[in-house]
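Reading through the structure tokens given below for one structure.
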Amino acid sequence: MTQALNVNVVVESPAAQDRLVFLDGLRGWAALMVVLSHLLVFFVGSASQAYKGWYWAFPTDGNLAVFIFFVLSGFALSIGYIQTGRLSILTALCVRRYLRLAIPILCASLLAYALHAGGLLYNVDAGRAHGNQWLANFYTFAPGLFDSIRFSLYDVFTHRDAARSYNPILWTMPVELYGSFVIFAVCALLMHLKKRLFFVGALMLYFILTKNIYYLSFICGLAIALCYHHRDKPVFRKLRLALPLLGIAVVYYSTVSLRGQGLSVSHIARADFLSIAAASGMVFVAAFYAPFRRFLESPLSRYLGSISFPIYLTHFIVICSFSSGMLLFLNASEFGHGERAVHMTVLASLLVCFTIAHFFRHVETLSIVVARRFSDFMQK
């Protein structure tokens, strides 16, 4: 398993009234890909063969979802300044960013601490029962209230020790926080220049040569935001005819690079740079292809967008508590270790994940309100 399979990221628009809804929709579907990746590939993958078909590759491609999140962040955090040139937008986002991330993380970590302290995390036992070392590797330390608070407010942004983490999927938070400030700096220093495309290209080349793949994703998002700002130019109108093929190519790459063995197609080796290109292609299609954009603006997509960060923060905790406990219970019952036990656990886990995420939206709303009030106070 690579680290890039464990993530979801907050994408925040410059201003609520100018929010590009399709970004939320795409973020929501990408978050669902992450949940399915952890649940179907890593949690029950060792106990069942039911979810290993090639048709499950794209829906469970958490690696691609990671890069989609980063590209979306680069787009969403820069588009407001690109469209208006108002430095106050960057200032507000910069001041809000830490609180916007830290408050929901703190609440999720306290939930994990409470379950751990109460002996309600069963992932170690479930992992050992099914020979799943990935699952058994988490929450093996003694819980501590102060440790969970310190993790939420500091360690999560500076350390990547999954074995000591109260929420191991938060390993991307340093990338998200620092990548956000990279975007703010680029916008403030370079976006007002006439030759800004030259500098954007130079930054891309630098991150390619230094293999800073995550920050490259942010710059790709900024570049797409620049294109979106000039979307009425003839060159972009002509490109729209090829956009459906680009979307199909992204799905094809995901499927063949992950589970192409056995298919009558040439295998594509998985590579981070190809995944960044695929993620950028998906965001580009979302921004410029009207039918896909309308789908991402539908009520279902908007709802998924509204719970994307909550479900990301809580789904792993659900897997280590409810899902692991239910699987152990069913294994000890008449269902045994059969496929029915796996399917029942998967369906029940998804229901619990969505239910908790639905109510956890109030925590995210609180974080937005607090972050904005803090920003307003600091700018008085």
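Cβ from N, Cα, C; glycine included.
Across the domain 'Acyltransferase 3' (21-340), the prediction's mean pLDDT works out to 93. What TrEMBL records for 21-340 is domain 'Acyltransferase 3'.
Positions annotated as transmembrane segment by TrEMBL: 29-51 (among others).
Per TrEMBL, transmembrane segment is recorded for 63-82 (among others).
If you look up TrEMBL, you'll see 103-122 (among others) marked as transmembrane segment.
Tertiary neighbourhood of the transmembrane segment (134-157): same-chain residues 1, 42-43, 102, 105-106, 108-110, 112-113, 116-117, 121, 123-124, 126-128, 163-168, 170, 173-174, 177, 319-320, 324, selected by CB-CB distance under 8 Å and a gap of 6+ residues from either end. Taken from TrEMBL, the feature transmembrane segment covers 134-157 (among others).
TrEMBL lists 169-193 (among others) with the feature transmembrane segment. Under 8 Å from some Cβ of the transmembrane segment (169-193) lie the Cβ atoms of residues 3, 6-10, 34, 38, 66, 69-70, 73-74, 77-78, 81-82, 85, 87, 90, 93-94, 97-98, 101, 105, 156-158, 160, 162, 199-200, 203, 214-215, 217-219, 221-222, 312-313, 316, all in the same chain and six or more residues away from its ends.
Cβ atoms under 8 Å from those of the transmembrane segment (213-229) belong to residues 67, 70-79, 82-83, 172, 175, 178-180, 182-183, 186-187, 196-197, 200, 203-204, 207, 236, 272-273, 276, 279-280, 283-284, 287-288 of the same chain, restricted to positions at least 6 beyond its ends. The transmembrane segment annotation in TrEMBL covers 213-229 (among others).
Per TrEMBL, the feature transmembrane segment maps to 241-261 (among others). Long-range contacts of the transmembrane segment (241-261) within its own chain (CB-CB distance under 8 A, at least 6 residues past either end) are made by residues 52-58, 61, 64, 267-270, 274, 278-279, 281-282, 284-285, 288-289, 292.
Taken from TrEMBL, the feature transmembrane segment covers 273-292 (among others).
Annotated transmembrane segment per TrEMBL: 304-329 (among others), in sequence order.
Residues or ranges marked as transmembrane segment by TrEMBL: 341-360 (among others). Residues 35, 39-40, 44, 47-48, 50, 104, 107-108, 307, 310-311, 313-315, 318-319, 322-323, 326-327, 330-331, 333, 335 of the same chain, all 6+ positions outside the transmembrane segment (341-360), place their C-beta atoms under 8 angstroms from a C-beta of that stretch.
Here the transmembrane segment (103-122) has Cβ contacts under 8 Å with residues 139, 143-145, 147-149, 151-153, 156, 166-167, 170, 173, 309-310, 313-314, 317, 320-321, 324-325, 328, 360, 363-364, 366-367, 370-371 of the same chain, all six or more residues outside its ends. When Cβ-Cβ distances below 8 Å are used as the criterion, the transmembrane segment (273-292) is approached by residues 4, 22-23, 25-26, 63-64, 67-68, 70-72, 75, 208, 213, 216-217, 220-221, 224, 227-228, 231, 236, 239-240, 243-244, 246-247, 249-250, 253-254, 257 of the same chain, each at least six residues removed from its ends.
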